[in-house]
Ligand code: F6P
């Protein structure tokens, strides 16, 4: 069998672990040939690829990013790819394509699969917002980075009697904010799923200071919005990929709290540091398992599906199911963290 693999969308710790696992299982166990397309679907459309053998994936398990490069694909180019799906498979002689990516990549994977390309998807995203898998690799690493950052910020905040507003990633789903906020013991958590009232945060900080606590940490997801009319914060325009441009909620909220409290409030934007660097052990294991199962599925001819974690098992689910809705933070998870909202 000749298997093509690509990584698309925002990068994520664990991508290299999947690539390595695919190559090991396919080459070692089945004697397959594996080729890696460069820079996501762009490499597929432009015919940029290279052979991947055991030596080529040696030493990459613990490395962040992706050795293949990644990119996002504009809708028009995706349509072009779908129209040429059969030619693509024939031109590259591939019997299976394994795209590793988030919601956008898997939507594209589904379209390519519907157009006739033999596709087995592997979900990835630090946001953990893909509905049909309990977890995506990369999330554990991102939560760890954000938690450590808040642990560190607490000691400096306390020394200077400051409020720290820590902005973490999460456009529509606040999983990183929820779990890192809980793990770090943040005093306030703001999620995209539930508009927040800055007045509640002001009250929380004032109560803390009244109890002799001289600092506070608020964890805010980049996609969080204030309740309408509670503070000056607009909606961003829509970018090329259909995403709302962020307006910088961390900075806006820190300024708002400083103004209302008369105390120093500093924004800390964690940004892409959450996605960089070495994956945690958990993410390496999950990524490795996903790679193994993707190759197995390809050999069973189970196309149009993707790997998913259900409990502790890796199963195959239809790509269609994976991209119908985003997995957002449910109310019961917010209730569990209520004391810090
Ligand atoms: O989807 C993963 C993610 O890291 C989001 O949390 C974030 O909003 C987005 O990607 C950032 O993308 P970019 O790399 O284009 O800045």
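Heads up, the Cβ atoms here are built off N, Cα and C, so glycines get one too.
What you are looking at is a predicted structure, and each value in this text was computed from that prediction instead of being measured.
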Given TrEMBL lists 125, 126, 127, 169, 170, 171, 222, 266, 272, 273, 274, 275 for substrate, the same-site residue among 162, 260: 162
Site-mate of 72, 73, 102, 103, 104, 105 for ATP in TrEMBL, selected among 10, 14, 31: 10
Largest tally of Cβ atoms lying within 10 Å of a Cβ, found at which of the recorded positions 103, 127: 127
Separation of alpha carbons, residue 103 (ATP binding site) and residue 266 (substrate binding site) (Å): 33
Cα-nearest neighbour of residue 125 (substrate binding site) within the listed binding-site residues, 10, 104, 105: 10
Least surrounded among the binding-site residues, given as 72, 171, 275, when other CB atoms within 10 Å are counted: 171
Entry from the binding-site residues list 73, 169, 273 having the most other CB atoms no farther than 10 A: 169
Cβ under 6 Å from ligand 1: qualifying binding-site residues of 10, 103, 104, 169, 273: 10, 169
